[in-house]
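In what follows, a single structure is set out as structure tokens and then discussed.
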Amino acid sequence: MAPNRPNFGPKVLFTSPVWMIVTLVLAIVIAVGHHAFFQYLNGRAVHAESNSTSHAASFHISDQQLNTSIGILLALLVKGLLGASITAAFDQCAWKELIKGRRVKIGLIDDLFIVLRNGLMILNFGLWRQYSLAMLLGTTIWLLPIASIITPGTLNVALSPTNSSLYTRVPRVDFTSMNFVNLESETVNGVTKRDATVVPDLYFEETYMSPSSEVESVVSSSAMQGRVLSVDAPAVNASWKLDFHGPAINCSTVNQTLGNAITDDVISTINASASLASGTSGRSLAAYGFLSWVPYDSSLNGSLPFYGVNKWSSTTPTPRYSYIGPTTGSERKNSSTRGDVSWSDSSSPLSFFVATFPHMQELSYKDASSMWRTALDPNVVQCTLHNASYGVDFTVENGKTEAHITKRELLNSIEYMDTIRVKATSSTRSDAELEDEMKSYQEIYEFLSYQAVMESFSRLLVGSITGTFSEQNSTNTSSDSGSNVLKPNMTNLNVGSGVMLTTLSNTKELALIKASSNQVDARDSFATSWLKNSADQQATNNASPSILEALEEMFQNTTLSLMSSPSFQPNYSLSASPGNISVTISSYETVYTYSKAIFWTAYGIAIGVTLIGVALGLYAYTVNHGSYVTNFSTILRVIQNANIEIPLQAEDCSGKEPIPGSIANAMISFAQECRREVAFEQTRDTTAINDDPPPYISIRGLPDDVHYSEDHDNDTEEGGHEGHDNIEMEEAHEPVSPLSSWGATTMSRVSSLDRQIRQHF
């Protein structure tokens, strides 16, 4: 009978090239879907509550857990499809090398086939030498899971601000409030203010005494902290813009004439102090490091820091320790619709002086007569008070206030106002009339409030800081023979000003004073050891502001900090009270964030190497002239063409691990074309070949009438026996290895069993 080829398996729906391409395309589609899902979630709020389905199932799955799980599932699908595509390419490249007919060790082929199951095989350099393309693809498969780890992690959660606007009240400062000042009230001509009777030409006098305690508290707190105090914002996180009028100082270095006069005044004071102490043993002399005062008037002498001291005079020096000035001037009148108002004031704007002396510790001549040199080269600054127009952006985050001044325009200067005299009016006035009066007095209210802020600020500065130097009571042998020599180190630092309690202590000019507070005599073991045990004073770097800049900034912070006090808020019961303004309220919620760049970097690399692998697989497919799949039937068909150099023993046929060393090291090669033609003649339940007949095989689980057997005794020379079909195999002329014979025999047996099962059922 003419030989025919059997169909050994079901029809293959997809060849390897189609499978590689389809799985790659599906992986790309799912990756795009994964991206679209994360992009949809990006910026959306994370819902902490569990969904209804999870409640019904008694599971508590949050929105974040569900979306994260979906992302992981999509990543695993992409990884699986990319892996399937590269696996198909791996098979093509592996079989491309196997069917070349080269002799290789059986153990090496074993290692190649388990590369996809055992990642350690990628370290087998023998495989890289023999099957480089296949090993490259195998390594890629083991690296693909990295992408499935990275991509789900690109979806995170973060706090994101959401903004909303509303019109509402914001903290302000009402400089027309009486809460800024302490006044003393009295009447003219001895008539008491409590008298209800209206007396013709009766006047009331209100005399400015001092700033209120609330003003002093706010000013000192802001100056010491060096920032704007936190205000009572409409929300924990809010921002708004505010324009208003308030006090400001303008600081500048004094002109040379005034600077020289001030230097001479300080030198005169030092020399007068030394003269008063002459003749005493162990005198202590002072060198000035810081000095602040307010002027008596705008004249040259009225601007000096000390009263009644002339150069080289022995008159006792008297410092100017007033906190507000200039205070001298003449009376002027202002007409209003509700009576005559007059006040006494100064003709010069309120101001104060600040002087720093850089040579306080630089004693080139260490004797009492040279102390005056420490007053040379002072830095003298004068700051004057002005009305200013402010534009400020306020931002409150978690209760902390940040204020950014966008505009500060200096307007008119503010002079000292002492006494306000007001003509008596009727005691029965309507609210409207009272509001009209308030409008006419508004400028006076504001200027008195500015004055109170200025005085509170000056109270922190006015005074002096001096270093005390003591004499050693030994005669100097130098050119200044007979004078007492000063000790090399300052014995005491006398702080008579609150300036070091403020942030001005961090300025360049006051850095020397700050560092000198811990100077000790090296012979004093207690003080020296204690100083050694202490941290160094923070050095002031070049980025520190000058005292001129720091003064203006500190006063600005003080002005804005007044808004933190409820006492200085407007009276909103009045019709003229300020209205609401637009406030941006910021709230924070947990939202999803998606790192698109990282996502596509991971997937892009994975898809890119897969594309390369598919290209290699298609190349191998072309060279192989067909598809290969690493499964049992492929091995079964190829094995009949194998040439092995060692015969198989009976105990080797079980296939159990480990593989015998003789087989692992045996050389094997495969031919691309079959060297024999197998002829099949089918019967219902038996199969015979012209090789040695196989032993009896019983299939358990089949019906009793279905079995496979051959009787050695009934074989005939024609190649069969009665009741059975014959299978004839024409031997090739060349010798056949035992492995080839075994493969052909096994093939025929499997085919016969397959037919018996199909026919029975």
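Using N, Cα and C of the backbone, Cβ positions are placed for all residues, glycine too.
The shown structure was predicted, so the numbers you read here are calculated from the model rather than taken from an experiment.
Look at TrEMBL and you will find 12-32 (among others) tagged as transmembrane segment. Sequence-distant neighbours of the transmembrane segment (12-32) (same chain, 6+ residues past either end, Cβ-Cβ under 8 Å): 74, 77-78, 81-82, 84-85, 88-89, 91-92, 603, 607, 610-611, 614, 617-618, 621, 627-629.
TrEMBL lists 70-90 (among others) with the feature transmembrane segment.
Taken from TrEMBL, the feature transmembrane segment applies to 111-128 (among others). Counting residues 6+ beyond its ends, the transmembrane segment (111-128) has Cβ neighbours under 8 Å at 87, 90, 94, 134-135, 138-139, 141-142, 630 in the same chain.
Long-range contacts of the transmembrane segment (134-159) within the same chain, counting only residues at least 6 positions beyond its ends with a Cβ under 8 Å from a Cβ of the stretch, are 34, 38, 41, 46, 64, 67-68, 71-72, 75-76, 78-79, 82-83, 86-87, 89-90, 93-94, 97, 112, 115-116, 119, 121-122, 127-128, 588-596, 598-599, 602-603, 605-606, 609-610, 613, 616-617. What TrEMBL records for 134-159 (among others) is transmembrane segment.
What TrEMBL records for 323-346 (among others) is region 'Disordered'.
Residues annotated as compositional bias 'Low complexity' in TrEMBL: 336-346.
The transmembrane segment annotation in TrEMBL covers 597-621 (among others). Long-range contacts of the transmembrane segment (597-621) within the same chain: residues 16-17, 20-21, 24, 27-28, 31, 34-35, 38, 78-79, 82, 85-86, 88-93, 95-96, 133, 136-137, 140, 143-144, 146-147, 150-151, 153-154, 627, each at least 6 residues beyond the stretch ends and with a Cβ under 8 Å from a Cβ of the stretch.
The region 'Disordered' feature in TrEMBL is assigned to 703-761 (among others).
Under the heading compositional bias 'Polar residues', TrEMBL lists 738-754.
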